[in-house]
Amino acid sequence: MCFLRNPHNIYDVLRPLLAFSKVFGQTAFLIAGEPPYVQIIVSRTEYIALLMNIVANSVCVYLNIAEGQLSRYTGSIVMDMGLSYLFPLGAIIMALLAIDNFLRRNITCTIIAELFAVDRSLQRKHLKLNHKRHYVVLVRLLFMLLGLISMGTVFSFGMTFFSEFSLRNHAINAFSYALTGIQFMMVNFHFVAAAQLVTYRFEAISCCIRNRLESASWWIEQKQRWGRRMEPIDVVAELAEDFAALVQVVDKINRIYSNQMVSLICGVGMFSIFVIYASSYSFYVGSTQETRMTAILITACVFYIIMTGLVFISAVGVENTINDIVGLLHEALQRENDMCTRRKLECFSQQILLRKPLLRCMFYDYNWKTLFNFFGLVVTYLIILMQFYKFTDGSSNESHSTV
């Protein structure tokens, strides 16, 4: 895998990123050919990558369950067992998501092909898409997330020098941390990259509307590929078709990646509940050894929260861009005097308002309201757990006093 310096289309942008994801078995397929003649190939290498992903996650589950976990005492048997099975549960989910991505590879290729068609249509309207800038943004984001995982893994393994637990236990913990963390990052990065790709095209549509609004003309004269005849292009109708194509792309993204996020975000919420509870107990009651071991889980929790925040920020970016397009169309309706053009602009705005493309899953939309609801859910469960701990502690004290 090599990173390109000057990508010319969306395939050049995504090929290195998909190849990097294939190393970890999350995209076990290959996009071959030159656009628009592109097809998906699944060779022996891709099957081996998927098999290695399943084997690695199975080894992670076996090591964490059969070989034992680092001891963590929270005052609750349920919490101790939950902390012991967090990494195995994450490994099982990641293996299932790798299989799901493999089975949905044709839909992924369809999404890329439709985005390529939208790019060609936007270029006909004299819009130059800067694929290099978008590619650099995605690569920098990927490297930043890899850096966070690397620091967490090194920190987890470095605790060997400050702990009485064996090197074997720390190696298992670091291996589980790195394996589940990288796969969690790649699955989330797929969603973030898809949201960025769609947002970039919506921003191009917004830029085109703004340019036409400033020039006070909704027609473009374009020379035919063969001959000297100039062909007029109806910008409003063309942009409406591009927008409809992007709406279909968003629906496909929701079908694949948005629904995958359900298990991951719910897992992050559960992980946060366990980690915050364990951290509170270790800080007030636990020993120094327990506090150091809980610090490993805190670093993982911070990373997962950052990734979840990126998911919601990317989804909100799509919604904000749509709102900008609606505002520009409203301004164009106020300025335009031609009745035919006004009717087209009105139909375009109604198309957006009646079928607003939002990144959502089967249960909720990815917006700030949903994020705050998750935060409230985590706090509520923490309060309930604390009340049960007080109740258990009070009951034990009463039994001792009775005896």
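The backbone N, Cα and C atoms fix where each Cβ goes, and this holds for glycine too.
Just so you know, TrEMBL annotations are computer predictions that nobody has curated.
According to TrEMBL, the features are:
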TRANSMEM  47-65  transmembrane segment
TRANSMEM  85-103  transmembrane segment
TRANSMEM  135-162  transmembrane segment
TRANSMEM  174-195  transmembrane segment
TRANSMEM  262-284  transmembrane segment
TRANSMEM  296-318  transmembrane segment
TRANSMEM  370-389  transmembrane segment
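At the 8 Å Cβ cutoff, the transmembrane segment (85-103) and the transmembrane segment (47-65) share at least 3 close pairs (sequence separation 6 or more) and count as touching. If you count C-beta pairs under 8 angstroms between the transmembrane segment (262-284) and each of 47-65, 135-162, 174-195, 296-318, the highest count goes to 296-318.
When Cβ distances are compared across the two stretches, the transmembrane segment (47-65) makes no contact with the transmembrane segment (296-318), since fewer than 3 pairs at least 6 residues apart fall below 8 angstroms. Sequence-remote contacts of a segment are chain residues at least 6 beyond its ends whose Cβ falls under 8 Å from one of its Cβ atoms, and for the transmembrane segment (174-195) they are 14, 17, 21, 24, 26-27, 53, 56-57, 60, 63-64, 87, 90-91, 94, 97-98, 101, 111, 138, 141-142, 145-146, 149, 152-153, 156-157, 253, 257-258, 260-261, 264, 296, 300, 303-304, 307-308, 310-311, 314-315, 317-318, 359.
Outside the transmembrane segment (296-318), and at least 6 residues removed from its termini, the chain residues within Cβ reach (under 8 Å) are 83, 141, 145, 148-149, 151-152, 155-156, 159, 173, 177, 181, 184-185, 188, 191-192, 195-196, 198-199, 202, 250, 261, 264-265, 268, 271-272, 274-276, 278-279, 357-359, 365-368, 370-371.
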